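In what follows, a single structure is set out as structure tokens and then discussed.
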Amino acid sequence: MYTRILKGGAILLSSNIVASFFGFLVLAVVAKNLSIDEFGVIGIIQSYTLTVAALLNFQTWQTIIKYYPRIKDDKDLIQSLLKFSFRLDLITAIIAFVFGIIFLEIIYRTINLPEMYKYCAQIHLLSILTKLNGTATGYLRVHDKYNLFFKSQFVAGFVKLILVLIVFWLDLGFVYIIIAFAFGEIVYDFTLNLFFYKVLKSDSLTGFLRKSTKLIKNKYKDIFEFSFYSNLISSFDTIIFQADMMIVSGFFGVSYAGCFKMIKVITGLINRMAGPVSITISPIISELIAENNFKELRSKLLKSFLFLTLFFSAGYIIFIALDEFMVRIVFSEEYLKYIYYLDFAIFNLFVGLIFMGIHPAANFLGYHRQILYIIIVLSLIYLLLIFLFYESAGFEIIFIAQLVQISLVVILKLYLTNKKLNLIAFQKPSVMHF
């Protein structure tokens, strides 16, 4: 198990380093050539597209990861699962795009931005139509084809960097920056699906679209329910990870959105570095649950909590020592006044990353309904805290609300998984006889 995690994690880490390198270069070029307000608008546009996609475009890779280990020896069921998943990818991508266009008018009236930025957002929304990679992502992960993610991210990152450099070299204007960003997303989706097709061809599964979905639905009658709830869980998680850009701009203005975009760039980089462990561990957790090997799963989770606590504690100390240097080099002196908020955001991120194993464990153990209710309630609490205290607490309330939500999500998921895994053993008090 550890060999598999290390091997897959190493490949993904290399992939993420390359992707982060290109992404950092792109954003550094953009941040140094635009005002903090314009940089904030880019963040708002990206946030809106990602929010709409996450809210309505099903996270089908989780469905593949959960059910594939149970049917991996049955070719017909595999093809049926792939068609079921891909059809959800396609239908929900179209729904997300249409909804995004319709709802955009309301959003831009609320934020009160110039009309030009609305057209830029419409252009960026086109990238949703190519978000058909949920099936590809899930299938490639269960087969440990992490090198293909590396290649896809390299191609997309390189293309985006070249396009952005051309835009500034020719002084083409703001709208072309958005086109470059959208095209980079489309290139990634196309490249990953091309690799997915080649893997399917080698596995003799390219005819999966002709297979009936009834096979997998009759075998696992809860498959749509799992996909539906998994998507809703991811959707409400989006309030923190994507929609927060729009929340910040709505409550505090575009300048603070620019500051928050800077924070998200750096937290996103660190999250990307930690991502390989989370990604490689999900299929393994699914396999252990499918085998009912709860004892082994419990052991792995507890060891991961301990190791990650030590690792991220040391990492936070190092980050505090380097934060000003990083911001000054990549962005500009203008962003240094927001260092405190950056440090707060990194602390929140590390709290969540320490318990990264608990999220797939709780979901694959069958608690997707309970998790959905938890996420809905805590997302509402997150919004309520901001609404009630944004005037008295200021910008800091964003990060306080994040910490409250992240902490409660972890605690409640630990409670759910503890029912089956006994992660936290409570000893019954002994009866004292006199």
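Just so you know, glycine gets a Cβ as well, placed from its N, Cα and C.
Because TrEMBL annotations are produced automatically, they should be read as predictions rather than curated entries.
Here's what TrEMBL has on this protein:
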type     : residues : note
TRANSMEM : 12-31    : transmembrane segment
TRANSMEM : 43-65    : transmembrane segment
TRANSMEM : 86-111   : transmembrane segment
TRANSMEM : 154-183  : transmembrane segment
TRANSMEM : 239-263  : transmembrane segment
TRANSMEM : 305-326  : transmembrane segment
TRANSMEM : 338-359  : transmembrane segment
TRANSMEM : 371-390  : transmembrane segment
TRANSMEM : 396-416  : transmembrane segment
- Query: Is it true that the transmembrane segment (371-390) and the transmembrane segment (43-65) have 3 or more Cβ pairs under 8 Å, skipping pairs fewer than 6 apart in sequence?
  - Reply: no
- Contact between the transmembrane segment (86-111) and the transmembrane segment (43-65) (at least 3 Cβ pairs under 8 Å, separation 6+): yes
- Query: Any contact between the transmembrane segment (305-326) and the transmembrane segment (338-359), i.e. 3 or more CB pairs below 8 Å with pairs at least 6 residues apart?
  - Reply: yes
- Task: Give residue numbers and ranges for long-range contacts of the transmembrane segment (239-263): same chain, 6 or more residues beyond its ends, CB-CB under 8 A.
- Result: 31, 35-44, 46-48, 50-51, 54, 107, 110-111, 113, 327, 331, 335, 338, 341-342, 345, 379, 382-383, 386, 390, 395, 398, 402, 405-406
